[in-house]
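Now, the feature entries from Swiss-Prot:
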REGION    1-226  region 'Pyrophosphorylase'
BINDING   7-10, LYS21, GLN73, 78-79, GLY140, GLU155, ASN170, ASN224, ARG329, LYS347, TYR362, ASN373  UDP-N-acetyl-alpha-D-glucosamine binding site
BINDING   ASP103, ASN224  Mg(2+) binding site
REGION    227-247  region 'Linker'
REGION    248-454  region 'N-acetyltransferase'
ACT_SITE  HIS359  active site, proton acceptor
BINDING   ALA376, ALA419, ARG436  acetyl-CoA binding site
Amino acid sequence: MLAVAVLAAGKGTRMKSALPKVLQPLAGATLVERVLASARNLAPERRLLIVGHQAERVEAQLSSNGGLEFVLQQPQNGTGHAVQQLLAPLQGFQGELLVLNGDVPLLRAETIEALVSTHRSSQADVTLLTARLDDPTGYGRVFADANGRVSAIIEHRDCSDEQRSNNLTNAGIYCFNWGKLAEVLPQLSTDNDQGELYLTDTVQLLDVAMQMEVSDPDEVNGINNRRQLAQCEGVLQQRLRDHWMDEGVTFVDPASCTLSEDCSFGCDVVIEPQTHLRGACRIGDNCRLGPGSLLDNAELGCDVTVVQSVVRDARVGNDVAIGPFAHIRPATDVGDSCKIGNFVEIKKSVIAAGSKVNHLSYIGDAELGANVNVGAGTITANFDGTNKHLTVIGEGSKTGANSVLVAPVVIGKNVTIGAGSTITKAVPDGSLAIGRAKQLTKEGWDRNTQAAQS
């Protein structure tokens with residue numbers, strides 16, 4: 001049996017944030033959510049999150065993470081003290097305990113699985129993950145023989161100069177025999193510079209401790225400040241881009257683009273510079289995104305172009321051109337072969353196949369039929385000051401430039417709206433509707449004379 005415990009009680013003072021450190025976002029998910037996800041494939045019998053600082057906020061964020069048990073550490077007095085809080089909830093548990101840190105979000109699932117497998121095959125009391133760092137400053141040093149058997153872990157601040165020359169470091173990730181660990185946890189001492197209970201001290205209290213060195217030190221990067229958060233974001237983004245380039249996606253300037261792990265792409269997608277995808281974006285074959293575009297939970301069909309535009313929580317069909325400078329807002333559904341042009345905003349609307357909204361328009365709370373042509377400057381006036389109302393435009397209809405459709409209003413099929421019209425009443429199929437003031441022309445108008453007389 002396996003239990004997984006994640007240490008998530010710390011304040012994260014160096015982040016200088018009102019948000020708990022483990023809830024800081026990284027590529028669309030919080031740090032602690034990424035840590036929990038990395039152990040998902042192990043299918044542990046127990047999953048425990050040790051909380052402390054802003055415990056209620058952390059628990060609220062993770063309340064939908066099924067089967068997660070919350071254990072309070074109050075006050076926070078070191079990693080050993082944190083794991084001591086498991087003595088009661090894991091009383092009688094028989095198996096291994098995997099201890100992860102809530103601020104180490106880059107650990108791969110494969111590495112965790114290998115650590116557990118190594119621990120089980122070695123039959124050690126504890127197996128810890130280690131990394132060789134070019135600059136090990138601040139990390140505890142691991143001292144082990146050629147067979148991987150660990151004799152000691154010494155925190156950086158407690159190391160002598162000679163001991164600090166060792167660059168094999170403790171990653172703070174352990175797989176314990178829980179029964180053996182439970183026996184020695186009460187023996188931990190605060191006799192160190194910090195006056196805290198170190199989990200690392202259990203290594204000297206247990207009979208057999210082994211280490212497994214991680215192949216990529218980036219995996220065990222911890223996050224204590226904004227710089228380290230940015231560095232981890234860069235590592236994770238590079239992983240995501242590398243994965244999708246291997247799957248056939250072209251990034252014209254990879255370093256200028258960001259993704260979330262929930263994105264998916266079809267074949268021959270091209271992503272131009274300064275384009276960002278967030279949330280669960282679904283991008284079909286032969287799409288071209290950017291430059292300078294933002295997509296957030298967007299679903300795009302095949303052969304779609306999005307140039308210098310924003311698409312949020314919306315669906316776009318096949319063979320659609322969007323932009324430049326268009327804003328497709330939530331709950332919008334754009335059908336096949338549509339054109340959404342420059343400086344167009346669409347909100348909570350359905351645009352049926354073949355329709356065009358080419359210039360300078362606002363379409364909100366509307367239903368457009370197939371092959372509608374919306375003239376430049378057309379506005380659906382959907383808000384009466386209290387409620388939003390629906391505009392319906394039937395298939396084949398055309399609105400002239402600078403038209404205002406005051407909702408609620410229904411425009412029938414194959415209707416023509418004259419330029420500059422304000423439409424407040426329903427227009428039947430096949431009609432021409434004009435609703436504008438009569439033009440007044442005064443010939444021989446001398447503006448200077450008129451100004452002097454006024």
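Going from the start of the chain as shown, residues are counted 1 onward.
Cβ atoms here come from the backbone N, Cα and C positions, even for glycine.
The structure, with features from Swiss-Prot marked on it.
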residue: LEU7; record: UDP-N-acetyl-alpha-D-glucosamine binding site; CB count, 10 Å: 26
residue: LYS21; record: UDP-N-acetyl-alpha-D-glucosamine binding site; CB count, 10 Å: 25
residue: GLY78; record: UDP-N-acetyl-alpha-D-glucosamine binding site; CB count, 10 Å: 20
residue: ASP103; record: Mg(2+) binding site; CB count, 10 Å: 25
residue: ASN170; record: UDP-N-acetyl-alpha-D-glucosamine binding site; CB count, 10 Å: 25
residue: ASN224; record: Mg(2+) binding site; CB count, 10 Å: 15
residue: ARG329; record: UDP-N-acetyl-alpha-D-glucosamine binding site; CB count, 10 Å: 17
residue: TYR362; record: UDP-N-acetyl-alpha-D-glucosamine binding site; CB count, 10 Å: 19
residue: ALA419; record: acetyl-CoA binding site; CB count, 10 Å: 15
residue: ARG436; record: acetyl-CoA binding site; CB count, 10 Å: 15
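Using HIS359 (active site, proton acceptor) as the reference Cα, a 10 A cut-off selects none from the binding-site residues LEU7, ASP103, GLY140. Looking only at other Cβ atoms within 10 Å, the busiest spot among the binding-site residues ALA9, GLY140 turns out to be ALA9.
The acetyl-CoA-binding residues named in the record, ALA376, ALA419, ARG436, extend over a maximum Cα to Cα distance of 16 Å. In sequence order, ASN358, HIS359, LEU360, SER361, ALA401, ASN402 constitute the residues six or more apart from ALA376 (acetyl-CoA binding site) in its chain with CB-CB distances below 8 Å.
Considering only the binding-site residues ASP103, ASN224, ALA419, ARG436, TYR362 (UDP-N-acetyl-alpha-D-glucosamine binding site) has ALA419 as its nearest partner by CA-CA distance. Within the set of binding-site residues ASN224, ALA419, ARG436, the entry lying nearest in space to ALA9 (UDP-N-acetyl-alpha-D-glucosamine binding site) is ASN224 (CA atoms).
With respect to their backbone Cα atoms, ALA419 (acetyl-CoA binding site) and ARG329 (UDP-N-acetyl-alpha-D-glucosamine binding site) stand 26 Å from each other.
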